[in-house]
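Here's the structure, in structure tokens; my notes come after.
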């Protein structure tokens, strides 16, 4: 049966339709993409009339009524698959929406983003962690250079600042370790669920930022540990904790690659369209149609670079542990050479961590902005502060309080206030003076008596 019979206003070729109204296409595609079976007929009628308008004008034809268009759609436009070619009407409209109208379609899909990781409160967390890490790293590094330290401590104000930073380092490092461990544990749990249960929705964007941000949090924490490790105590406990974090980091990276190769998640360079239509929150759909794939591939390359930096950190730590001359029976000449090599690697690793702290944070902030552009819409929760995000900020409050208290009261009084009676903090200089007094008590008494005479 000829599909143009009884419809004189139709062009001989459906590809003669020229759509120009992205608002209508956005309304239609947003509904269709979220259901795959729900056809918004009223929007479709308006779209057909819009596509017919140039043809009708050129041929001086009378525009059809809505009823005529609806009848043709119901009889041929949707049901018939071979109308002057293999693509039915909705495929033609779908192509127009996907190639020309994403700025109208995408905001209507209802994408919510990932506020748990990318909300504004979490951004403040990442920036605050990086800023504090850089502040402590700079202060401790300068303090370890004797001539700079002597110069800085000539001023009472800078001396108190350096002292407060030095003695609050442990609190900051403990908070950073807790924050990083929590990020890695949450990422491992998320990926384990997604890999073991295919019904658990984990869109590609969420998967990547989960891996990226959890692993990134290791770098600022490592930066502080590298510069402060020589003065920290509880070395064995800290080694165990870092070993646990290394295990979690390897687990997160492994689960990421396992998820990327899971059946049904990744198909011909794009994740499964079939799975996308089964996502009740439409996150897959948004990623599938609205995410800038070129920018996303660049983000993935940055993630692989991040993996390289973290791998270098742990390799350097292992090298230091196994090549430490203090625990090896090497000749003095070899031991000295090993110490020089380890010192070189320590400097390189410190600088690498310092640059990576800001470089990878900046990379994330850039891709957060350009991956979706203005397509996220008003449902995007990444612009909000949530209750959990505000709670996460409390990780750094003890650091600020500790620094301020030590600055105001001095390290002895401030640190004594952290332990219960009858114990109190004594400076190592005081204990050295006391030990000297015990060892030379008789000489001191004799000198005192002679002075008295």
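A Cβ is built for glycine as well, from the same backbone N, Cα and C atoms used for every other residue.
Small disclaimer: the values here were computed from a predicted structure and weren't measured.
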| query | Looking at 387-408, 409-430, 431-452, which one is transmembrane segment according to TrEMBL? | reply | 387-408
| task | Looking at the candidate ranges 280-301, 302-323, report the one that TrEMBL labels transmembrane segment. | result | 302-323
| Cβ under 8 Å to the transmembrane segment (204-227), counting only same-chain residues 6 or more beyond its ends: which ones? | 114, 117-118, 122, 126, 129-130, 132-134, 136-137, 140-141, 144, 169, 172-173, 176-177, 179-180, 183-184, 186-187, 190-191, 194, 238, 242, 245, 249, 252-253, 256, 259-260, 271, 283-284, 287, 291, 296, 299-300, 302-303, 306-307, 309-310, 313, 346, 349-350, 353-354, 356-357, 360-361, 364, 371
| field | Two-stretch contact, the transmembrane segment (239-259) and the transmembrane segment (171-192), at least three Cβ pairs under 8 Å | value | yes
